[in-house]
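Trainee: For reference, the structure I am asking about is given below.
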Amino acid sequence: MPPFLLLEAVCVFLFSRVPPSLPLQEVHVSKETIGKISAASKMMWCSAAVDIMFLLDGSNSVGKGSFERSKHFAITVCDGLDISPERVRVGAFQFSSTPHLEFPLDSFSTQQEVKARIKRMVFKGGRTETELALKYLLHRGLPGGRNASVPQILIIVTDGKSQGDVALPSKQLKERGVTVFAVGVRFPRWEELHALASEPRGQHVLLAEQVEDATNGLFSTLSSSAICSSATPDCRVEAHPCEHRTLEMVREFAGNAPCWRGSRRTLAVLAAHCPFYSWKRVFLTHPATCYRTTCPGPCDSQPCQNGGTCVPEGLDGYQCLCPLAFGGEANCALKLSLECRVDLLFLLDSSAGTTLDGFLRAKVFVKRFVRAVLSEDSRARVGVATYSRELLVAVPVGEYQDVPDLVWSLDGIPFRGGPTLTGSALRQAAERGFGSATRTGQDRPRRVVVLLTESHSEDEVAGPARHARARELLLLGVGSEAVRAELEEITGSPKHVMVYSDPQDLFNQIPELQGKLCSRQRPGCRTQALDLVFMLDTSASVGPENFAQMQSFVRSCALQFEVNPDVTQVGLVVYGSQVQTAFGLDTKPTRAAMLRAISQAPYLGGVGSAGTALLHIYDKVMTVQRGARPGVPKAVVVLTGGRGAEDAAVPAQKLRNNGISVLVVGVGPVLSEGLRRLAGPRDSLIHVAAYADLRYHQDVLIEWLCGEAKQPVNLCKPSPCMNEGSCVLQNGSYRCKCRDGWEGPHCENRFLRRP
């Protein structure tokens, strides 16, 4: 084999081994801007009189796979074109050894027809005769095109490895008023693409492999040249620095080696040192400027607070992915409340064992807790101390009552490093962590030390911890699994320890910490998420006095749960002469508001139907639209004397089939058969002899509810999808498959197709 053919074969082999996903173009912008470029490409729409001809390279150097990507790019561009005989006309050529007209500009009058025809294009193979294709268009024009008053656009999709000279025919085309876009595919030769493209080159040279970026660039140029206005007025075209890369084989000097050289003059062969070279694959970089359109996004104003992540949803909507403690509000601005007076000292491990990353996470945890809990009328005072070799009180307890000032002061606390002397820090915190002016007697607030650490202590902790607890300090520990045993020894109880598995899980401990600060070891499952609806029989058979007993019982039960949008949500439905929602799941986000609403629930009288009330809960209470949370256990507690329950068995089973537990509290000396059928399983029925005895069965009810709250859930039961959308389980989550005309995460938005 001749040497040059051998080299060519080696080059082809090496090029074929390079994965096509290598970054052949890089726009130097942030990930957020890249997302905006991608989003804008889907919103751009060209509706003007213009003739657009695609010229697709179908040669062997492109290959069948890259030809399919070229077709995908052309189809994506067509998605943004108002194709009709009067507006945008589209045609297509394929070229290799010879040019082949796939369809002229006047063949199809709808977008669907054009896209379907492009999909049917078949790869031909052959040489890359770009020059012949351009000359064909020079001699015959754009087939099916209109007169010169209509802008003519030629979009050439090629790898730029033509076997002829393309500069002259492309120049002549441009002189005739044809706007030429050169779109690279596979490993493009950018020099040839620049020779093909119209001026300015940065606006007319694109890369088909990055289809959304290329589509955006093409429509941005059309907008800038006033061919068609493809974006909304508030969108803007901006120039960004970018790089184009070309994969080439280059010869590299490798050294000298002994060789023999002949001389014609002496007819002798002489020993000498000859240079030798190696071939190497390299990316050659071409600096460029890329022009792209971006539109204002709903997340530009940073609406999500407290570390929440803003996720755009369409043009104007957004969703905040909030840490657990802040998930109850649209902007992660949930305010938890403390129902006791407390002096709180956060004790942060600033030793080398925790590391700088761990220390910074602890500071963020304190910031988020402070934002969630403190307010102008808060009865909590907060301080912060750090420790390694010794204790440093960085923010004395109560120094700041203004939340922004307190958060700002936390930013200035430095990481110190050094040994982890937790025992010494606990002793010093007990002695001087709360200052010397602490009130005594009943007027003194509860004093709490919250220790945050990820490393084992290098000194003894049991004695200092006992010393701190003897001074009436409540010790709470927050740490990784590795230090659980040590934290339990320090706090004196496993119930005073909060362990996290990863950095995000640390922030999920905020509501649990808030609950422990004022809790007195009440029964219940205060940190378990639950959607709970009480259904009260307020028919004439119950009577106003017994209804008041039921209200008192519901208030007492609800107090055993942490009522806020991140943990337990409570709703109340009453039924008698009619069915009425006293309050929905997401309408009373605090315990105080919920208790007031329970007391204000109306007594209806009349004849009640438990079945109708259960269907009301199924249709109008336990739904995503009314505040029910996907992935959270759900339960309904029915309190009734038994009358009107004859029609309730089927509706109750409907609730159970959709993942909603139903417990019946039947009151009266004898339970009716209808009430037994309503209850279903025997463990879903609590029999109470009289309304006055309800309070004696509270613990049994709470235990049952806590058990239900810990059961695994099916994210699609009840379905979170609206407007008859179908819920599909997928990779531990779910997605909603929407009917035609609806879109959105829960099929909540009506989708109007463009004409």
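Quick reminder: no glycine exception, Cβ is built from N, Cα and C everywhere.
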Trainee: State the disulphide partner of Cys721 as given in Swiss-Prot, choosing from Cys706, Cys736, Cys738.
Mentor: Cys736
Trainee: Regarding the disulphide bond with Cys727, report which of Cys716, Cys738 Swiss-Prot records as its partner.
Mentor: Cys716
Trainee: Looking at Asn147, Asn731, which one is marked N-linked glycosylation site in Swiss-Prot?
Mentor: Asn147
Trainee: Give me the Cα-Cα distance between Cys320 (disulfide bond) and Cys310 (disulfide bond), rounded to a whole Å.
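Mentor: Spelling it out, the Cα of Cys320 (disulfide bond) and the Cα of Cys310 (disulfide bond) are 5 Å apart.
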Trainee: Compute the C-alpha separation of Cys738 (disulfide bond) from Cys332 (disulfide bond), stating it in Å without decimals.
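Mentor: Here the two Cα atoms are 28 Å apart.
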Trainee: Cβ under 8 Å, sequence separation of at least 6 from the ends of the domain 'EGF-like 2' (712-748): give me the contacting residues as numbers and ranges.
Mentor: 313-314, 319, 618, 622-625, 628, 630-634, 657-660
Trainee: Where Cys310 (disulfide bond) and Cys304 (disulfide bond) are concerned, what is their Cα separation in Å, rounded?
Mentor: 6
Trainee: Quick one: DSSP breakdown of the domain 'EGF-like 2' (712-748) into helix, strand and coil?
Mentor: 0 helix, 12 strand, 25 coil
Trainee: Do any residues at least six apart in sequence from Cys721 (disulfide bond), in the same chain, have a Cβ closer than 8 Å to its Cβ, and if so which, in order?
Mentor: Val624, Cys727, Cys736, Lys737, Cys738, His746, Cys747
Trainee: Around the C-beta of Cys320 (disulfide bond), how many further C-beta atoms are within 10 angstroms, looking at every protein chain?
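Mentor: Around the Cβ of Cys320 (disulfide bond), 20 other Cβ atoms lie within 10 Å.
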Trainee: Among the recorded positions Asn147, Cys299, Cys304, Cys716, which ones place their C-alpha within 10 angstroms of the C-alpha of Cys332 (disulfide bond)?
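Mentor: Those near Cys332 (disulfide bond) - Cα within 10 Å - are Cys304, in sequence order.
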Trainee: I want to verify one value. Collapsing DSSP to three states, which class is Cys332 (disulfide bond)?
Mentor: coil
Trainee: Taking Cα-Cα distance, which of the recorded positions Asn147, Cys299, Cys304 are within 10 Å of Cys322 (disulfide bond)?
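Mentor: Neighbours among recorded positions, in sequence order: Cys304.
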